[in-house]
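Visitor: Here it is: the structure, laid out below.
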Amino acid sequence: MTRAYTGLLLMAALILTGCLGQDPQWHGKDIRGLMPDLAFRLNAPSGAPVTPEASAGKVRLLYFGYTSCPDVCPSTLAGLRQAIRRLPEAERDAVEVLFVSVDPRRDTPERLSSYAGFYGEQVTGLTGPIPALRTLTRRYRTTFGYDQPDAEGNYNVSHGSAVYVFDGTGRARLLLRPGLSPQQISEDLARLIRESRAL
Amino acid sequence: MPELGVLAPYDASPLTILVFVLAAASYGYALPRLPRNQRPGALRVLAFGLGLLLCYGVMQTRFDYYAQYMFFVHRGQHLILHHLGPFLIALSNPLPVFRFWRARLAPDGHPLLRPVGTLYRALQQPVVAALLFVGLIYLWLWPPIHFDAMLSRPLYWTMNWSMLLDGLLFWWLMLDARSPAGGRTLGYGKRILILALVALPQMLLGAWIVFSRGQVYDVYEVCGRAWPMAPETDQLLGGLLTWIPPAMMSVLGILLLLRRALHEDGQALASQPVTGGRSP
């Protein structure tokens, strides 16, 4: 009788941890099955249209921001740069950071391209017309908005602070919340790269 | 497509639109065809229409956009889906419309309706209904689940629809216009007790959100707010909306039921023959 109970309890615990518990090895939040696959059609600074196919096979990190961003974007992108630098040299090219500017009015191709380049050769600056950006942010359940411009025409842009990570096949895998260290991000990336290479 | 502005759905759900159109159309079709003595008066029609419109409005207009990116607007959305909208619909007593369609579509019952009926009766057990009503609020506000629900589109729709359906079930059980004297509906005492009991855990949860120091729901910070608002202000407003208006809805429900109970007591007394008693 007691044995049967213990067995039942054990089974319930297993099921519960299996369904609700997060994989302890990921530092980011596992979003497999929660969010849709990577899909977009935006423009590179050269003006050429870009879709996820261009970076297929790589681990993609999608991040929304703008180049005039005073704090969040620089610190997030610097953190990603450090995380990528911690990877073995041969693995760095298996990562691509897609920095999507949600401020296409101010972020000219030159500006976006030099800004992205500053954070490493793995960073690609992308942008597009507002409706295309709205479609993409809605797909990943995030948003952006503009403040009233001041006398000099400067304005703040509100945007999400998360980085969405997709594997080589474009499946949504992780959500990196602010607060993760470059080391933690690097460990997650290394694991995803190994996983994609094993396929 | 015509420019609808703020009335256009942020995330159009054909199924949701279909359900609301069907509900409105079947009500509107049945209304003039009901016998005069069963036809709901203008006030009841207004309550039904307003309840329906409110629920539709928070699900399929720009309001939904703000509900996805601001915690306190999200709490307002659930206040309408789980409390105010269903409260108005239940208060409007759409029973004659149901009877009309039942007589039209399945006068002798339908084999498909039987499991639905069984499920309905199981969910309308007083204890089950009360637990479900409070349980759903706690489930969707449990921080890890809330985070996932705001990230995943299917989960988000499941959340909103489960709140609306449960709201309809609960408030119909509470406000069912048929007198308990017939034995088919819950007694007024039990209804009042449930309304008081479900208010307590909601007040507790709302107060906990209001007085939490840290950020309880960081998903709005991660995904970006609709406009720049301090996270503490958003959380405070959301907590207040979880705390006060639901408690007021319970009080309102209790007052309505007390009025009905007193009214029926009066009727029972008036119709009782006085010959039964022995005069001193």
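For all residues, glycine too, the Cβ spot is worked out from N, Cα and C.
From TrEMBL, here are the annotated features:
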- A:29-198: domain 'Thioredoxin' (DOMAIN)
- A:Cys69-A:Cys73: disulfide bond (DISULFID)
- A:Cys69, A:Cys73, A:His159: Cu cation binding site (BINDING)
Visitor: Restricting to the domain 'Thioredoxin' (A:29-198), report the mean pLDDT as a whole number.
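Guide: Average per-residue pLDDT within the domain 'Thioredoxin' (A:29-198): 93.
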Visitor: What other residues of this chain sit with their CB within 8 A of the center of the CB atoms of A:Cys69, A:Cys73, A:His159, the recorded Cu cation site?
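Guide: Other same-chain residues with Cβ inside the cutoff are A:Phe64, A:Gly65, A:Tyr66, A:Val72, A:Thr76, A:Val102, A:Val157.
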Visitor: Please compare the disulfide-bonded residues A:Cys69, A:Cys73 by how many other CB atoms fall within 10 Å of each one's CB, and tell me which has the fewest.
Guide: A:Cys69
Visitor: When DSSP states are folded down to helix, strand and coil, where does A:Cys69 (disulfide bond) land?
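Guide: Looking at the DSSP assignment, A:Cys69 (disulfide bond) belongs to neither helix nor strand, so coil.
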Visitor: Considering only CB atoms and a limit under 8 Å, which recorded positions from A:Cys69, A:Cys73, A:His159 lie near chain B?
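Guide: Correct list, in sequence order: A:His159.
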Visitor: Between A:Cys73 (disulfide bond) and A:His159 (Cu cation binding site), how many Å separate their Cα atoms?
Guide: 10
Visitor: Please work out the number of neighbouring Cβ atoms within 10 Å of the Cβ of A:His159 (Cu cation binding site), leaving out its own Cβ.
Guide: 25
Visitor: Reported as an integer number of Å, what is the Cα distance between A:Cys69 (disulfide bond) and A:His159 (Cu cation binding site)?
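Guide: Pair distance, Cα basis, whole Å: 10 Å.
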